[in-house]
Each structure stands twice: as structure tokens, then as C-alpha cells.
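Swiss-Prot lists 1-64 with the feature region 'Disordered'. The annotation compositional bias 'Basic and acidic residues' is assigned in Swiss-Prot to 29-58. For Cys993, Cys996, Cys1008, Cys1011, the entry in Swiss-Prot reads Zn(2+) binding site, with the evidence type similarity to another entry. For 1040-1058, the entry in Swiss-Prot reads motif 'CysB motif'. For Cys1040, Cys1043, Cys1053, Cys1058, the entry in Swiss-Prot reads [4Fe-4S] cluster binding site, with the evidence type similarity to another entry.
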Amino acid sequence: MTDRSSNEGVVLNKENYPFPRRNGSIHGEITDVKRRRLSERNGYGDKKGSSSKEKTSSFEDELAEYASQLDQDEIKSSKDQQWQRPALPAINPEKDDIYFQQIDSEEFTEGSVPSIRLFGVTDNGNSILVHVVGFLPYFYVKAPVGFRPEMLERFTQDLDATCNGGVIDHCIIEMKENLYGFQGNEKSPFIKIFTTNPRILSRARNVFERGEFNFEELFPVGVGVTTFESNTQYLLRFMIDCDVVGMNWIHLPASKYQFRYQNRVSNCQIEAWINYKDLISLPAEGQWSKMAPLRIMSFDIECAGRKGVFPDPSIDPVIQIASIVTQYGDSTPFVRNVFCVDTCSQIVGTQVYEFQNQAEMLSSWSKFVRDVDPDVLIGYNICNFDIPYLLDRAKSLRIHNFPLLGRIHNFFSVAKETTFSSKAYGTRESKTTSIPGRLQLDMLQVMQRDFKLRSYSLNAVCSQFLGEQKEDVHYSIITDLQNGTADSRRRLAIYCLKDAYLPQRLMDKLMCFVNYTEMARVTGVPFNFLLARGQQIKVISQLFRKALQHDLVVPNIRVNGTDEQYEGATVIEPIKGYYDTPIATLDFSSLYPSIMQAHNLCYTTLLDSNTAELLKLKQDVDYSVTPNGDYFVKPHVRKGLLPIILADLLNARKKAKADLKKETDPFKKAVLDGRQLALKVSANSVYGFTGATNGRLPCLAISSSVTSYGRQMIEKTKDVVEKRYRIENGYSHDAVVIYGDTDSVMVKFGVKTLPEAMKLGEEAANYVSDQFPNPIKLEFEKVYFPYLLISKKRYAGLFWTRTDTYDKMDSKGIETVRRDNCPLVSYVIDTALRKMLIDQDVEGAQLFTKKVISDLLQNKIDMSQLVITKALSKTDYAAKMAHVELAERMRKRDAGSAPAIGDRVAYVIIKGAQGDQFYMRSEDPIYVLENNIPIDAKYYLENQLSKPLLRIFEPILGEKASSLLHGDHTRTISMAAPSVGGIMKFAVKVETCLGCKAPIKKGKTALCENCLNRSAELYQRQVAQVNDLEVRFARLWTQCQRCQGSMHQDVICTSRDCPIFYMRIAEHKKLQQSVDLLKRFDEMSW
């Protein structure tokens, strides 16, 4: 139970985790400012806290609007009744079919019998669990020469004995082909070995791969035998063989399934079992592309910790939990509640539950989850913080039933530490918690995987995608709110409720759930694989499905990784410069997938010279030689499996896009758009799968052949365009390809107008496309005008797809889109480019740049513009790095606020002593502001701004571009006077005259004797300065009040991702110093 009589405990808001936090004061009102200095205009607000008459926040208005949409009788009725799922209609297993959308699946072994559990929801909203039985795991080995069918029974017995018994169920012979390498289209016998359960399949596999099985000398001892499809997860094997894909609909035919009345294991409304042979998987098309009425629950917790220490679930209590439950397809939540320790004033449109102690609250919330029975759990950082913390806290309090959060009786959820690592997403330490029957969609993980942002705090993400800031409350203030009154806890509850509501809004805005659903359907993997696994599993699933249809088996290749590399894509040397004529851009549509299709590149078509000679195949007739010397048979000999997969994906995408244009229902449109995007991503990932040297099935012959064809095509495109579009062929100018990169070329036709450039671009695309085999197609999509070409992979220009107006300013490789520099760089480069490209005012761009540099050197740039963020990706670095060293220093100051692996660390570069290494000069921005530590403006100019500025100005100004970094505008330099560190440790502060700065004795008046005759003038000047700073601070304060939704409460937000926050701290510091100076006049005798 929380001890509210003590002020020693402080509340830590989990939203700040895993983002850097530190102890510090909250910058609020300035006290002791006398009324003679216009204090009635300071606008700081009422300090008495919330009251019943206070204007409601904007979020409260939204809650009221939700409440108004509900029937009044429904509002007055018991909330518990609203939580329940719809009543189950009468179902006769002998006569009634059951259709449901399966959302979660797991493998389960009961005794020694394996089964699959499919959790789902029917079209009526009823929950269901289906036990699928009868499916056994298996793998293949190639039958050796001399192996006869009559040997099969003895082979099975001997193999089982070698595996120590109870492992092999039975074996059969099937005619298959090895997927890897062309062998003449002839099938050969393979032994299909079924094991009794998935956990011991590896035992049988190892017997073959280690050469431990000797059967009539056909499998020599000590010689390893390649196994096929022996490393496939049992659940995925079942889904592949039964054509089940993630999130699709399942049909249980009447009389084929049975209800499980005895020994029910779940709290689902329907529980049944069926043999896998009778289950019907429905393709995710037409009416079966719909979504069931899934229940989506978003939640957030607030927990209390000790001062300066991050909450420990074994000690620190959970004080509030907010939950919002929405049915998929509805815009209005049907459940909005907050579970609170201690009393809490009512919140409009929200059910508030008060509890005397924490154990009661946690136990009731766990029961609430089971009663409302959500299909999807969402939130922000719930996987790494909320769920594990709740479980550990309940364990500490010995609340036995709390971990029963899933749909299986007596299954206690436990959080486990995991490390996720992939080339695409990097390395992240995280936690996973099994909650059977419920999907977990952590919006923080979604953001980190799908978007490259400077910061992943909820506030930064909401600002980016929802266009609004979020109040971020410092944990020391949350302490006061919790230990205060029912009204103050109401404010905390609204804050908690909003943090539960925002992930739902983000999910809806970005269509994350529907996009991931379609990705699961397209690739065939379970939904939860999409966040927990990398890219390869998606291709593996598609490859195995198509291999099954063509009687191909996939070898289990042991890969230890290799340093072997292949040449990448071609980049045509750029003709750098500023182009004030239209530049047409020609792009190859789906270049790498189309190359694999056009040239039949696949595992199944890969040929070696010996096989070609043995089968008497003819070069250029039966097989082709790629530019890097690999052999692949032509389609009339064998159609490759990868080209078939790619053709199916791209054709399905065309169909989805065509259906999207005709569809009018917004939810169906969202599904179709998510589907076409998933199909595009899946097609593009096939090439990467073949080139992953540490992957499941690497084949550098395929990946290097693809890039070699790509290089050849780019060079050929350049040659064809420049030879055709010449003056001698009747055109007004000689065309020049000024740049080419991977799958596109930029062409200067020499014409002056957009319509002419677009016409020639369209014509050239069609002409070049005819030079290549189908389905390779060069498309004209856009014109850049004007165009700034800086270097390889660095350019900017106005993007035109129609002649009446430009679409956007587009840039690549320039600091406007990079996140490893401070925001000032992006702002300056973006503004300068807009002046040059949109306004075509190069002089204005120069003047703007000089003004920013001058402000930087005079310490006039806001701190928020100087913050650099870098990812902390591992614990050990070969070299000392600024963000790593700062993270360590922050850990020593306050271990609870230290960044964790995978977080982005925010820092600024400060002035250091001569000889200080760069990594020693990184510092926490808040610490810098609080202690007046001077920023190293020279570093920002020379290491952050200079190179990007020279890159964009040199193509226009040439050598004169360097004048931007030197001259009159750089001669005035000022910096803050530090209050800590360095020589200040030994300095003795001496008071000076406020008029002439002459030293005076401490405790004397504000002015020296020489300035006393100017006392009235100097006093008025100081009052004016205070008034000016009061107004500036009040404006920032008011802006923050508007953001928090209340003009009558103190601002308690400490969002490090908001520029207003840094401004408010800086102005507060200036105002406090100015007030202190003004107080010195009080000591004078007037």
C-alpha cells in the first residue's frame, strides 16, 4: 500500500523510459517579483491547482464528445456489462459451419502429442480457440542409390533405435527435387521422416548431419548427410502445409469439428478441436479480406519510485493504470477507465475506479483484462516496461492470479529478456512476454522499425505524425500530484489516460495494424513474427509454400557467415552543378525483381558447367551466362521458382491497386492499400534474401548476377539515350545523362520548359524499355527543375509530376533528411535550399546563412537547435564516442536516468579545456542550461555546418562559397559564463557595480559611489529588462498552458523533444538572474 503521508517517495513516469532523464528542478514561476514591476501582467497563472470551475483540457473535451455519442442508458448501466463479448448463438457441430479470423497461434504438446492452437474471433465478435490435431513434424533426406521401398520399415526401426527410441513415428518415400541447383527436371526419391513431436526432431536431424546413422552401408558412418526442411519451426510447417497465413479466415466444416466440453483449457467462448486434414484455410481475398470485430486495448501505467532511482518493481508501487478499448472499425472507444490508488475526482466520459491499496487495484485490473477480453494489446513501450513491470510488481506483492492475462487457464505470463539483431533494424535489447491469444503491438517498436526519427519519445512521435505536442510530466511533480488531493490525482489520471489514448491514435493514423495484418497475410507468417523476427522469415515462408506446390525440397545449409562480397550497383559519375533547366528522371520499375524474372535467376535454375555438359545444354539457347559468369537455364528449360513468386506478388499488387481505385468503403480501402504495400515490400526483399551471406539460403550467384545486370542496364540506358537524342537526329539539343544511380538516370535534354522535358522523358522511357526483355520497364515519373547535383547520392531539386505546380522539394543524402546532425543543420540547409530552389534567390540564401552563423557565434541560437542524437547500439565500442561517454557520466549521476541499449542519446558539445578530447565535451542539454555552461560554437560551425553549407553553395558560387564561413559576420563572439566546472571550482565570486562593472565589496549597494548619481536611470533600465523577460517568459508559459489544455494550472511539462521547453528553461534562467540583480537595489537607501 502506498504511504501517502511521506514525501520521500517520488513518482516516475514510464513514458520517460527508455529515454534519458535526469534529476532537476522544474522551471515554474518566478517568486518575489515585486508588484511595482508589473507583476499583474506576468501571466503565470493560478497556483492553487485544479478546481471544479476550471476550464477543461482539450483531451477532456474529446472524452466528453465520446460520452455524448453513447446512449444515456448505456452510460448509466453497469460498466461490467459493457465489457462482456456478445452472447454466443446456438451452434450445432453437426449442422453449423464456423468461420473465424485467426489472430494468434502457438504450438503445444500435450503429453507427447503435438497440436496447434488457433485463437481467433468470429464475425459476430465471439472468441474462439481451435485445437488442430494430427499434424506431425517431418523432414527429408535423399534416398541413397540402392535404397528400396521394402527397406522402409527396417529403416524406420533402426533410425528410431539410433535416436534412443520414441522419436520416429513413421517414414514414407516421396518423389521430390532439390531446390538448390538445376539437375535436369528429374525427380528422385526422398525419405520423408515423421517424428513424434517437434522438440525431438533435431535429434533425428543430427544423426544424419553428423554421420551417426549406418543403414546397410547406404549411409556411411562419419559422412554427414544433407537434410532437407529440417530447420523449420513446427508452427510455420503447419501453416505452410495447410495453406494458413497470418490473420486469415478459417472454416470449420459442420460435422468435422467437435466442441471441447471436458477439460477446457481456455476462457474463450468457443473451444473446439479438429483434424488438420479437415480444416479449410480461406484465401485473404474478396469477402475474406475483411477484418473481424477485434477488440483493441491501449493502456498506460504510472508507477512510484524513490528519488533519483528508476522504479524497482520489487519495491516501488504502481499507482494508476488507464485503459481504452476500441472495436476495430469504430472511432469511439467503448471502454475508458482509470484504476487509481487513493481517491480521484471524476472524469467526464470515463469510469474511475478507486482502491485503498495497490494489491486490490492490480488484482482488479487483471480481472478487467480477462473480462473485456482484448484481442490486441497496444501502448507505448509496453513490451519493455509496462507489462514486465506489472508482472514483477504483482509477483512482489504475491498476487497469485495477476499473471493470468492470456486466454489459457492457469498460464502465468512471464517476461523474458531477449536481444533482437538484424542488418535492417540494428541491435535492440528488449523483453518478450507470452500472453496466449492476444497480440501485442508496441507502438514504440513499430516506430523504431519503420521510421527514422531523431527521438522516439511519445511526445516527439506525436509531434511528427499527429502535429501536436504532448505534456510530459517530470516525475518529481507526479509525486506532488499523487500525494495531493483528489483533484490533483485527477490531473494525473487525465495525463495517464492521454498516454493510453495516443498510441491508439498513432496506430489509426499510420494504419499500422492493418498494414501489419496484410504483411502477415502476404508473407504467410504469424502476426507476432513481424515485430519479433527479421526480414528473412517472410521470404522463407513464401519460398517453402511455393516449393511445396512444385515438389521441391529446401536443403538445410549450415551457414557460418562469409566475408565474400560482390560488386554493388552502378553509380554513373555525376556532372555536378546547379541546373536551371528541367532534368527528366527515368526510373526502372521494380528493377531487381524484374531482372530476376527477365533472366530467370533462381536456385532452381542455377547451373554448373559440368551439369551443362552432361545434359548437353547449349549456351544462349538453353542457358545464359550472366555478366559475372554464372550460368542459369532459360525459362523453356525450367521456369525459376523465385521468378514465379515475384510474378505472383507483382500481379497481386496490380490487382490490389486496381481494386483500391474502385473501392469506396474507407476500411476496405485501408486494407487494400496495406496489401499493395506489403506485396511491394515482399517482392523487393527476395533479392536481399539471396545475398544474405549469414542467412538461411544464401546464393551469391543470384545476388551478384542481379547487380551485374543492373550495372549493365544503367550503362546501356545512358548510351541509348545519348545516341538517340541528338541534334543530328532532329532534336533541339544533345541529351546528356548527368547522373545515374542503381535504378534511375537523370537526363538533361536541353529544353527550357517542363512540358517539353516531360514529353521527351515519356518518349525516352518507352524507347529504352523496348531494348530490354520483359518485364523490365523504364518509366518516366518526374522532372527536377531547378536541380542541384552535389555528388554521388547527394542532390536536391523541385519535384514536378505535372506542369501547373511542383509536388515538393525533394532531396537525397543532404542534411535536411539526416538525423545524425543537430536540428540547426537541417533547418539552415532546408531554408537555404528553399530560397535557392523555390524562390531562386541565391543572394537571399547567402544572407540568411551568414545571419545564422553570426547568431551561433553570439550564443543567440536556441539550445533545442543544437542537440545531437545518436543511437547507443552496444555496450562496447572500439573507440571512445561522445554519446557513449555521456551515457556513462549520466549513469554515474543518476543510474535511473541513464540511456539503455537501443536508445538515442541527446547531447550538445560544450567548451572544454585545451587538450580535452572531443568525446569528453558532450553534455546533457538540460545540465548545460541549468549551469550556464558555454556551447562550443566553433565546433558547430566547423564540424556541423561548414561541410553541408559548402556542398550546396559550391556548385553555384564556386570558390566564393568559403566566404560564408569567414568575414565580418564571424567577428563578434560571445558565450555564457559557466557556474560549475573547470576554473569555476576555484573562482571567488566578486560583486560588481551594475553601472560600470567596477568591483565593490560584497553586501554593499548595487552601485559604486561613481554611479550613485545615475541610480534612477540604472534602476529603471533593470526594471525594464525584468519586465521584458517577464513578458517573454509569460508567452512561453502560456504556450505550454495551451498545450497542456489548461490556462489555470501550473506548467509541469518537461518534454526534451519540445523546443519550447528549452526556451522556457533558458528564459527562466535569464529572468531569475535579472530579478536577482534587481533585488540588489532593495539594499539601497533612496
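Using the three backbone atoms N, Cα and C, a Cβ is placed for every residue, glycine included.
This view paints the features noted in Swiss-Prot onto the structure.
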| residue | record | DSSP (3 states) |
| --- | --- | --- |
| Cys993 | Zn(2+) binding site | coil |
| Cys1008 | Zn(2+) binding site | coil |
| Cys1040 | [4Fe-4S] cluster binding site | helix |
| Cys1053 | [4Fe-4S] cluster binding site | strand |
| Cys1058 | [4Fe-4S] cluster binding site | coil |
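For the binding-site residues shown (Cys996, Cys1043, Cys1053), fewest C-beta neighbours within 10 angstroms: Cys996.
Nearest in space to Cys1011 (Zn(2+) binding site), taking C-alpha to C-alpha distance over the binding-site residues Cys1040, Cys1043, Cys1053, Cys1058, is Cys1040. Excluding the listed site residues Cys993, Cys996, Cys1008, Cys1011, the same chain places Thr992, Leu994, Gly995, Lys997, Ala998, Ile1000, Leu1007, Glu1009, Asn1010 with Cβ atoms within 8 Å of the centre of the Zn(2+) site Cβ atoms. Cβ neighbours of Cys1058 ([4Fe-4S] cluster binding site) (same chain, under 8 Å, six or more residues apart in sequence): Asn459, Ser463, Gln469, Asp472, Ser864. Recorded residues Cys1040 ([4Fe-4S] cluster binding site) and Cys996 (Zn(2+) binding site) have their alpha carbons 38 Å apart, per Cα-Cα distance. Every protein chain considered, the tally of other Cβ atoms within 10 Å of the Cβ of Cys1040 ([4Fe-4S] cluster binding site) stands at 21. Counting every protein chain shown, the Cβ of Cys1011 (Zn(2+) binding site) has 19 other Cβ atoms within 10 Å. Around the Cβ of Cys993 (Zn(2+) binding site), 19 further Cβ atoms fall within 10 Å across all displayed protein chains. Of the chain residues outside the [4Fe-4S] cluster site list Cys1040, Cys1043, Cys1053, Cys1058, Gln469, Glu471, Asp472, Gln1039, Gln1044, Val1051, Ser1055, Ile1060, Phe1061, Arg1064 have their Cβ within 8 Å of the site's Cβ mean position. You'll find the Cα of Cys996 (Zn(2+) binding site) roughly 40 Å from the Cα of Cys1053 ([4Fe-4S] cluster binding site).
Between the C-alpha atoms of Cys1053 ([4Fe-4S] cluster binding site) and Cys1008 (Zn(2+) binding site), the distance comes to 42 Å.
Within the model, the motif 'CysB motif' (1040-1058) shows a mean pLDDT value of 71, rounded to a whole number.
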